[in-house]
Protein chains: 6
Amino acid sequence: MEKLTHINEQGRAKMVDVSGKPVTRRVAVARARVCMKPETLSRIRQGNMEKGDVLAVAQVAGIMAAKKTSELIPMCHPIPLRGVDLRFSEEGDSTLVIEAEVKTDSVTGVEMEALTAVSVAALTVYDMCKAIDKEITVEQTCLIRKTGGKSGDFIRKGE
Amino acid sequence: MEKLTHINEQGRAKMVDVSGKPVTRRVAVARARVCMKPETLSRIRQGNMEKGDVLAVAQVAGIMAAKKTSELIPMCHPIPLRGVDLRFSEEGDSTLVIEAEVKTDSVTGVEMEALTAVSVAALTVYDMCKAIDKEITVEQTCLIRKTGGKSGDFIRKGE
Amino acid sequence: MEKLTHINEQGRAKMVDVSGKPVTRRVAVARARVCMKPETLSRIRQGNMEKGDVLAVAQVAGIMAAKKTSELIPMCHPIPLRGVDLRFSEEGDSTLVIEAEVKTDSVTGVEMEALTAVSVAALTVYDMCKAIDKEITVEQTCLIRKTGGKSGDFIRKGE
Amino acid sequence: MEKLTHINEQGRAKMVDVSGKPVTRRVAVARARVCMKPETLSRIRQGNMEKGDVLAVAQVAGIMAAKKTSELIPMCHPIPLRGVDLRFSEEGDSTLVIEAEVKTDSVTGVEMEALTAVSVAALTVYDMCKAIDKEITVEQTCLIRKTGGKSGDFIRKGE
Amino acid sequence: MEKLTHINEQGRAKMVDVSGKPVTRRVAVARARVCMKPETLSRIRQGNMEKGDVLAVAQVAGIMAAKKTSELIPMCHPIPLRGVDLRFSEEGDSTLVIEAEVKTDSVTGVEMEALTAVSVAALTVYDMCKAIDKEITVEQTCLIRKTGGKSGDFIRKGE
Amino acid sequence: MEKLTHINEQGRAKMVDVSGKPVTRRVAVARARVCMKPETLSRIRQGNMEKGDVLAVAQVAGIMAAKKTSELIPMCHPIPLRGVDLRFSEEGDSTLVIEAEVKTDSVTGVEMEALTAVSVAALTVYDMCKAIDKEITVEQTCLIRKTGGKSGDFIRKGE
């Protein structure tokens with residue numbers, strides 16, 4: 001039977017040994033949806049067009065969080081990120097979509113970095129809007145695709 | 001019209017001035033759902049009953065992340081956390097529910113700390129299971145309730 | 001003769017004992033000038049008026065750095081910041097002025113937090129513009145004023 | 001039967017709820033012994049008398065580590081340190097003794113901060129001397145005394 | 001006469017220049033002994049067999065600390081860890097032995113990472129048990145062996 | 001027209017993609033001047049000749065800050081530093097000059113690391129002397145030279 005990785009012979013968690021694995025270029029894209037009241041999204045959009053820009057703060061927060069991934073996720077390997085970008089779009093009148101793309105040349109993938117970036121960007125939107133909308137919910141935080149590495153490419157079903 | 005907080009008179013983000021606000025006891029509870037294949041949840045459950053415990057790692061990750069909240073969320077005030085606890089439960093055969101309760105005696109609330117705890121705990125579950133299930137999705141990350149503070153208590157609709 | 005603080009009886013550095021000192025409201029304002037080619041400042045200003053906003057990133061960087069002050073400055077006490085704000089202005093056609101105001105209710109002042117905020121904001125401007133102007137220089141990083149605390153208020157000469 | 005703290009009702013670790021506990025002045029002293037070849041200690045002592053000072057670096061490392069304690073020890077509460085000092089002495093010709101004293105006004109004690117300070121200071125000595133002595137060993141890292149708090153004062157037997 | 005590394009020509013500490021050194025696979029193993037009352041060890045062992053697992057928390061703390069080594073030890077180079085594992089065993093009825101093995105492909109060794117992992121894991125055990133045993137002492141924190149790198153392999157005498 | 005780097009197609013900041021760029025040896029030197037009262041500089045100099053050494057603390061602070069650069073500067077890539085050194089000298093009777101040299105083998109330069117090192121070292125001097133001289137000012141923080149990388153070598157005019 002397939003085994004969970006990250007478990008040592010004492011049945012405890014470990015940071016898996018990836019020494020000697022080849023360095024390859026790797027890319028991962030993750031996404032989260034931030035669902036809110038239409039008025040809240042409208043306010044973010046306005047700020048966007050002026051200077052008071054919730055999304056500019058979320059953008060910086062997501063990028064800085066990607067760099068902190070291995071500090072946050074206990075069994076995650078520290079790797080040298082080569083590029084991080086976040087993009088925002090809207091779905092309907094009440095959903096903000098956040099996508100993060102992370103790149104590296106390393107021995108492990110950057111799925112966790114992309115997921116961390118969108119999660120923290122989404123929480124930053126929550127933080128800056130919670131005075132006017134406490135019901136904001138983050139939905140469907142997931143990996144969209146990844147390329148590079150031995151296990152092959154992955155594209156989420158339906159993407 | 002109501003204004004977004006966190007925006008200064010140049011239209012830029014700021015960490016809101018809360019000096020002089022009274023210290024009160026505050027509690028916040030947040031929740032996230034981690035949706036996965038039934039086999040994945042079954043494997044976590046087994047590990048749980050043996051020693052190789054994905055949830056033990058997620059528990060520690062969530063607590064340590066709560067303490068890092070103000071490093072992650074740019075406009076969030078650093079506050080002295082007084083207690084953090086996470087609880088796991090299951091819904092159906094493919095959903096792991098994570099709840100975090102955070103307490104402080106401070107001048108601002110701990111919503112962001114509770115949300116950060118469940119988000120990072122959920123990502124840790126993803127990290128430890130991604131070798132067997134890359135489609136895991138985090139759903140409905142949200143604030144359930146908060147008490148304490150001038151703005152009064154909050155309970156999410158339907159809770 | 002007056003003694004340098006921070007030195008213990010072995011002649012080594014220590015974090016000075018401030019236990020038992022009263023908690024008071026404290027404010028500090030610091031400033032730095034970032035001198036660059038007029039074209040560089042012009043480019044920042046344009047970005048400012050569109051969405052690609054160097055100053056929005058510098059703003060976030062300065063605020064987050066203020067929260068990291070006690071991690072950076074070895075003998076600095078960790079204190080709970082109550083508010084941080086940065087403001088940008090221009091002098092002539094080639095100088096960007098950055099001011100940071102930091103507030104706390106605590107037993108020590110926030111001079112170092114304000115100085116750290118402007119220093120890191122200035123370095124962030126350097127980082128984002130260095131591809132077009134490597135000669136950018138940060139000038140006159142200093143404390144402008146502070147209030148609160150036993151040693152009394154301070155206003156820099158000439159301010 | 002007495003219970004281990006830090007365990008929740010699911011049998012998992014938690015950060016114990018200390019909200020509402022009174023703020024009191026607390027002091028803790030910890031100690032570690034670093035055992036090495038006499039030549040190594042002699043070299044440290046010489047550096048001490050010139051400027052190339054292993055102990056100056058260990059002093060700073062210990063103080064900065066004390067401030068990182070709650071980032072390192074998962075269930076440890078973040079508290080505002082009010083003072084940290086380290087002192088070095090020698091026993092015989094091959095033992096360097098490191099003592100750290102940490103103070104706070106808070107709801108929990110600072111035992112872990114004092115222990116972290118001496119542990120990291122000892123490791124820093126190891127790091128700076130390992131090129132000439134890989135057998136250096138850290139012995140008897142322990143709490144010497146603590147005062148303040150509900151559980152009363154503690155002095156290690158024999159001190 | 002042999003010179004202490006890490007000292008520059010002003011007699012001050014520096015991070016030694018290792019640029020251009022070849023990347024090789026390196027492994028280090030360190031160990032610490034945590035001495036406690038037999039009842040305390042018995043309690044840890046019981047927790048171990050149920051779910052409330054002191055050692056699971058210490059395991060995570062040790063792994064995360066290994067990743068923080070270069071933040072803690074001032075002259076230590078940041079390197080990309082490729083694997084970290086901790087193992088626990090008992091000696092007699094009152095000693096918990098912690099061993100950490102760390103691997104990298106890099107230009108410097110991972111002795112400090114292994115030593116930091118066991119030190120922080122030991123302190124975590126202290127933290128979670130201090131309510132019932134304040135006399136816990138960490139003994140014989142030391143490097144057991146290292147392989148890789150120009151200076152050749154090292155095995156501690158008697159191992 | 002030349003474009004600011006770090007801006008994505010939505011006009012927002014990104015961490016520029018440097019994947020696939022060749023690893024080369026890179027060096028950067030930065031400098032800052034700390035201007036103070038002659039008595040303050042005299043006090044630092046005395047401490048320097050005894051053991052209570054402001055500059056030893058500033059040295060450690062600068063080196064540790066260099067390692068934190070990518071945590072402080074939002075769009076800065078994390079890279080493995082290979083060497084960091086700081087040197088102090090005096091100009092006249094009231095100016096302390098701080099120079100930092102940083103080396104790496106990587107795909108991006110280390111200008112920001114050198115600038116961060118001198119900036120934080122300068123702030124550390126301020127912190128340790130502010131009890132006797134609040135007017136201390138940091139002047140002319142700038143890059144002196146860099147070598148390595150595709151954009152070629154740079155030497156500041158007049159150096």
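Cβ from N, Cα, C; glycine included.
Caution: TrEMBL annotation is automatic and unverified by curators.
Lifted from TrEMBL, the feature list:
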type	residues	note
ACT_SITE	D:D127	active site
BINDING	D:M75, D:C76, D:H77, D:M112, D:E113	substrate binding site
DOMAIN	D:15-149	domain 'Molybdopterin cofactor biosynthesis C (MoaC)'
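Locations of recorded TrEMBL features on the structure.
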| residue | record | Cβ contacts under 8 Å, 6 or more apart |
| --- | --- | --- |
| D:M75 | substrate binding site | D:H6, D:A13, D:K14, D:M15, D:V16 |
| D:C76 | substrate binding site | D:M15, D:T69, D:S70, D:M112 |
| D:H77 | substrate binding site | D:M15, D:V16, D:V18, D:S70, D:V107, D:T108 |
| D:E113 | substrate binding site | D:A28, D:A66, D:T69, D:I79, D:L81, D:V84, D:V102, D:T104 |
| D:D127 | active site | none |
Mean per-residue pLDDT computed across the domain 'Molybdopterin cofactor biosynthesis C (MoaC)' (D:15-149): 94
From the binding-site residues D:H77, D:M112, D:E113, keep only those with a C-beta under 8 angstroms from any C-beta in chain E, and list them in sequence order. D:M112
Protein Cβ atoms within 10 Å of D:M112 (substrate binding site), excluding its own: 27
Between the two most distant Cα atoms of the substrate-binding residues D:M75, D:C76, D:H77, D:M112, D:E113, the distance in Å is 13
What are the DSSP helix/strand/coil residue counts across the domain 'Molybdopterin cofactor biosynthesis C (MoaC)' (D:15-149)? 49 helix, 47 strand, 39 coil
Cβ-based proximity (under 8 Å) of the recorded positions D:M75, D:H77, D:D127 to chain B, or none: D:M75, D:H77
